[in-house]
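Quick notes on the structure that follows.
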Amino acid sequence: MRDIAVRYGFLVLFAALVAYFASTADGFVSPQSAVFIFQSVAITGILALGVTATLVVGGFDLSIGSVATSAMMAAAYVMVVLDQNALVAVLVCLAIGVLIGLINGFLIVYMRVPDLLATLGMMFLLLGLQRIPTEGRSIAAGMTMPDGSVAPGKFSAAFLALGRHRFDFFAPNLVPVSVVVLVVLAVAIWFFLEYTRFGRMMYAVGSNERAAELAGAPVKAYKIWAYVISGIFASIGGILLAARLGRGDIASGNNLLLDAVAAALIGFAVLGASKPNAFGTAVGALFVGVLLQGLTMMNAPYYTQDFVKGAVLVVALVFTFALSTRAKR
Amino acid sequence: MAAEAVFRIADLKKSFGPIQVLGGVSLDLHPGEVTVLMGANGAGKSTLVKVISGVHSRDGGAMTLGAADFAPKTPAEAIRAGVVTVHQNINDGVVAALDVGTNLTLDRLSGKGQPLLFNPRRVQREARAVAERMGLDIDLSASIGDLTLADRQMVAIARAMAHEPKVLILDEPTSSLSSAEANRLFALVDRLKSHGVAILYISHRMSDIRRLADRIVSLRDGQIVGTFDKKPLDYEGAVNAMLGRKVHQSAFAANVGGKTIFTADNLVIAEDAKPISLSLGDGEIVAITGLVGVGKTALAETLFGLRSPLGGSMTLNGRGYNPRTPTEAINAGAFLVAKDRSESGIVGAFNIYENMSLPFLKRISAFGVLRRRAERAIARRQIGELGIVCRSEKDEMSTLSGGNQQKVMVARWMAQPSSLFMLDEPFQGVDIAARRDIAAKLRASAAGRATLIFVTEIDEAVETADRILVMSEHTVVGEHKNERLDMDRLLAEVAGQTARGAA
């Protein structure tokens, strides 16, 4: 009984929440509303899936939010200032994600800096670094450069389509690119973690590093890979953010880190996993999205949002650590 | 030596729950004398030390210090009364963030009547006094982190001695020291002895014991089973008493190994250790035995690629074998069931079949994707083969008994054929039935590989192996066929008396 409660409790809560909003908020049950929820959580969800990979190997990545905003600024800089096309911008962003993941992994594995501290340092460093090329200004087409000239380029149409194009699905022009990317990445990382030997070994590294090493796993490589995955996912989030905003806004993305980490931690409670898992992370992100969308439709003020997210996180953590038998070891 | 005992323990008892750890220990310590306490793992040594040092309370019996009753409720109380303990883990004794001077006077920082403010100059002055009395030649402003282990230990002991204790307990103080460092410690012990301190010295190292002991006391299963104080000391008798002479002769005919599978030639696994040469044959089970800390695990780790030998060479299946990582060792066909399963074997988040498949995921996946059906089939087969008691292969490891957990660890590595199968302390924390099952399985499946088990308990070796090698001081000192075993010679070798035993 208790097992069932722990296993399905969170999903039941999720279903009840949906049912409640469906009955009280007009228009909650509609393709548009569903898509809006998905869209609202797409970027945090992608970041959360990335941080899940680092949680699986027993680490943590606090730099994801600033990797995402750095990627966003880089994309804007490449297109607006350097006047390059969309493909170059995307590749530069992905390269940034890989590079930062490698640096994080190197600091943690070879320099033995504790994961939280290494990625906290990286977060700080990136927050500063992304402002240096433009001397602290946001990047938009036609902006004035520090030397007085006008930036030559603009966001390319192809790039903006990443944020604005919608695919026909059920209804015409319904599903935005970001939601498709979220779903594809969620399925990919879920399959990777659950069904490949690499994912299995990453869980082993996270649970008992010494045992994994003695079983012949290259533990260091697995750990570094986890941070690279996290960096790539965060930079993809940053690309979508830049495409959605259409500018490189130094003030955006403040909440990304906390929201993403919350989603990943809420994911621990889903299906009584008591461990980081991709399915749980996706559900966790959606749960927050549904709750905020429902509350917004019921006219709850915007400033209650963080409170609600925090409350959900605390409840989920209680599910994970107090009620689960697995956690008691 | 005839001096009156300064510290007496009489009929000391201690239980944890239903398990009695100390069943009436009586022990006298005399001033100016080093009493060595020997005991195998789980004999109750640490419990005894903890009761004396005030960490645990006693359940029964009495302790007297001088003429007064001694019943410390906290470690601080024991120290104030004059019974000082230096614990095994050196870094527990010093604070790495502080300098030597502060460490030497650390215990004066708290307690009643101490000044509120920290006065560095007063601390340095007091520290200098402490250091001078002990003849400690270390820069007082140096950071502990920059000192060698031996120096850190000297600091811990010097601080302990600042209380001018009547009784000093040293719990395996040389376990992480080199022999040169150990010599400095011995000089210090001699010095304390001449000051009339009664010393209880706990150690497994025969070289230490030979160097220091005035008297040896053997502890087994929570009871003193032998006291040896007649010169020359009967080291062999002490080891014998400590291990217990309940060893039975083997119930099977010892196999002679077939074609050679593994050889080690002049392998050196520790500095200043004599080289090891050995050869293992097909179908043969060889046990390596010896006291704790003689290098059994170091040898296992060398053979499994976890550490590189300081010299010598190895061959496996006739080819040169020089693994740099466990991965290379596994690929070459050398498997190790590591000791201490909860630390280095079991993945807590995984169930039985996931634990079993861990080293061989590559062999049961196609293009990186696990074939879960095959994985579970292998696990079910292994559960049947080793008689693991569980509901299904999906059970969590935490639901299994210690013996069954160990069977899973053995099953993990037996799921694939190996050339060299090593098990380090495979019977630790395993009940007798599971131990028999594992040993029987090892013997039944021995053909086609060489099997090497590392055990401290001699009877485990006798029960399982065809051949028994004895290790002492990081080298192999004796070899026995497990038939009509010369137990006296074997025990003498365990006790480190090779010269007399072999010559």
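In case you wondered, yes, glycine gets a Cβ from its N, Cα and C as well.
No curator has checked TrEMBL annotations; they are predicted automatically.
TrEMBL lists A:35-57 (among others) with the feature transmembrane segment.
Residues annotated as transmembrane segment in TrEMBL: A:64-82 (among others). For the transmembrane segment (A:64-82), the residues of the chain that approach it from at least six positions outside its boundaries are 43, 47, 50-51, 88-90, 92-93, 96-97, 100, 122-124, 126-127, 129-131, 133-134, 139-141, 143, 145, 151-156, 159, 230-231, 233-239, 241-243, 245, 247-250, 252-258, 260, judged by C-beta separation under 8 angstroms.
Here the transmembrane segment (A:88-109) has long-range neighbours at 59, 61, 63, 67, 70-71, 74-75, 78-79, 115, 118-119, 121-122, 126, 156, 159, 220, 223-236, 238-239, 242, meaning same-chain residues at least 6 beyond its ends whose C-beta is under 8 angstroms from one of its own. Residues or ranges marked as transmembrane segment by TrEMBL: A:88-109 (among others).
Annotation comment: TrEMBL describes A:116-133 (among others) as transmembrane segment.
Sequence-remote contacts of a segment are chain residues at least 6 beyond its ends whose Cβ falls under 8 Å from one of its Cβ atoms, and for the transmembrane segment (A:174-193) they are 31-32, 35, 38-39, 41-43, 45-46, 49, 52-53, 56, 161-168, 199, 202-203, 229, 233, 236, 240, 243-244, 277-279, 281-282. As annotated by TrEMBL, transmembrane segment applies to A:174-193 (among others).
The transmembrane segment annotation in TrEMBL covers A:224-243 (among others). Sequence-distant contacts of the transmembrane segment (A:224-243) (same chain, six or more residues past either end, CB-CB distance under 8 Å): 42-44, 46-47, 49-51, 53-54, 56-57, 59, 61, 63-65, 67-76, 89-90, 93-94, 96-102, 104-106, 108-109, 155, 159-164, 177-178, 181, 185, 189, 198, 202, 252-253, 256.
TrEMBL lists A:255-272 (among others) with the feature transmembrane segment.
Packing against the transmembrane segment (A:278-295) from elsewhere in the chain are residues 10-11, 14, 17-18, 20-21, 25, 28, 33, 36-38, 40-41, 44-45, 48-49, 52, 186, 189-190, 192-194, 259-260, 262-271, 304-305, 308-309, 312, 316: each is 6 or more residues past its ends and has a CB under 8 Å from a CB in it. What TrEMBL lists as transmembrane segment is A:278-295 (among others).
Remote same-chain partners of the transmembrane segment (A:307-324), defined as residues 6 or more beyond its termini with a Cβ less than 8 Å from a stretch Cβ, comprise 2, 5-6, 9-10, 258-259, 262, 265-266, 268-269, 272, 274, 284, 287-288, 291-292, 295, 300. Per TrEMBL, the feature transmembrane segment maps to A:307-324 (among others).
Sequence-distant neighbours of the transmembrane segment (A:116-133) (same chain, 6+ residues past either end, Cβ-Cβ under 8 Å): 60-63, 65-67, 69-70, 73-74, 77, 81, 100, 103-104, 107-108, 250, 257.
Distant neighbours of the transmembrane segment (A:255-272): 3, 6-11, 41, 43-45, 47-52, 55, 62, 64-66, 68-69, 123, 237, 278-285, 287-288, 306, 309-310, 312-313, 316-317, 319-320, 324, 326; these residues of the same chain sit at least 6 beyond its ends, with a Cβ under 8 Å from one of its Cβ atoms.
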